[in-house]
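To keep things clear, I will list the structure first and then write my remarks on it.
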Amino acid sequence: MEESRLCQWSVIRSVLAIVQWWGFNVTVIIMNKWIFQKLDFKFPLSVSCIHFICSAIGAYLVIKVLKLKPLISVNPEDRWRRIFPMSFVFCINIVLGNVSLRYIPVSFMQTIKSFTPATTVFLQWLVWRKYFDSRIWASLIPIVGGILLTSITELSFNMFGFCAALFGCLATSTKTILAESLLHGYNFDSINTVYYMAPFATMILAVPALLLEGSGVMEWFHTCPSLFSSLIIIFGSGVLAFCLNFSIFYVIHSTTAVTFNVAGNLKVAVAVTCSWLIFRNPISSLNAIGCAITLVGCTFYGYVRHKLSQQSPGTPLTPRTPRGKMELIPLVNEKLDDKV
């Protein structure tokens, strides 16, 4: 009886963790799109900078004041030698995501973001000369095919927004790959990652945001019809961006890898549906099919990765594949790819 209750509570906790993660993630995406489209605050660098500031303050409160998470100490030299380069890529990743949201619908942006597994595997193969099981390459086919179909049939296609989203995938992949080498020896969770990287990212982004968007922001301040409520929404999106990081930490410790992968792809479907209900961007039937194919491909890719990770070291390889050159699982950690 006691074991049954524990099992039921574990299931309930996992469901609650996934629902709150979905809620924060979808809300942040919708709010950012609302800021760009409805509030006419067309300054993605400034929005990203506000998010970093709110995240830095939130991480400090959680670790230093509330002490909900222990601080992972980092050597001062490593902060500049390891964390600063990661923060730079982290910053580019978030900025490109916000830039793409300004020019393309949420549905299209989220579908392109699902291209990240393919760009990660390709970069590791091309630059780092890592070799992957043929099943990994096969699992990428529906992802690539779905992205192509979605892009060709997108009714609100914008080349600049498309390129920003695509390069955002490359930045996410680069961030993940660099983390394997630069952060080696530091077992960071999402909160400690934000604690160290958000201040650096703010410092990197503050000057470009001021120079490129400062005059536009000041003009918006003087022409905005409802300034107070608009500022609440803008800064509220920054607070929710930090809450998203905290929700990722919770969901990672409450679900299995397979559950997380499936829930992550369903989250994209929820975000696409919610954005369509709010913004009513036109979606053709072929576009919807392309999005569905991409999500199915991402789920299949996650399943293949899980099966390969469960494969025992003694499992024989094909005769043409030397064990020394075989890399069964790409260095992708989707659990941390949603950090804002």
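Quick reminder: no glycine exception, Cβ is built from N, Cα and C everywhere.
Among the features that TrEMBL reports, domain 'Sugar phosphate transporter' is placed at 16-301. Per TrEMBL, transmembrane segment is recorded for 12-31, 43-63, 83-104, 136-153, 194-211, 231-251, 258-279, 285-304.
The transmembrane segment (12-31) and the transmembrane segment (258-279) are in contact, since at least 3 Cβ pairs between them lie under 8 Å (pairs 6 or more apart in sequence).
Listed by sequence, the residues of this chain that lie at least six past the ends of the transmembrane segment (136-153) yet keep a Cβ under 8 A from its Cβ atoms are 108, 111-112, 114-115, 117-118, 121, 162, 284, 286-287, 289-298, 300-301, 303-305, 308, 328-330.
As a quick check, the transmembrane segment (231-251) and the transmembrane segment (285-304) miss the bar of 3 or more Cβ pairs under 8 A, pairs 6 or more apart, so the two do not touch.
Comparison of 43-63, 83-104, 258-279 by number of C-beta pairs under 8 angstroms to the transmembrane segment (194-211) places 43-63 first.
Contacts between the transmembrane segment (258-279) and the transmembrane segment (285-304): present, as 3 or more C-beta pairs lie under 8 angstroms, all at sequence separation of six or more.
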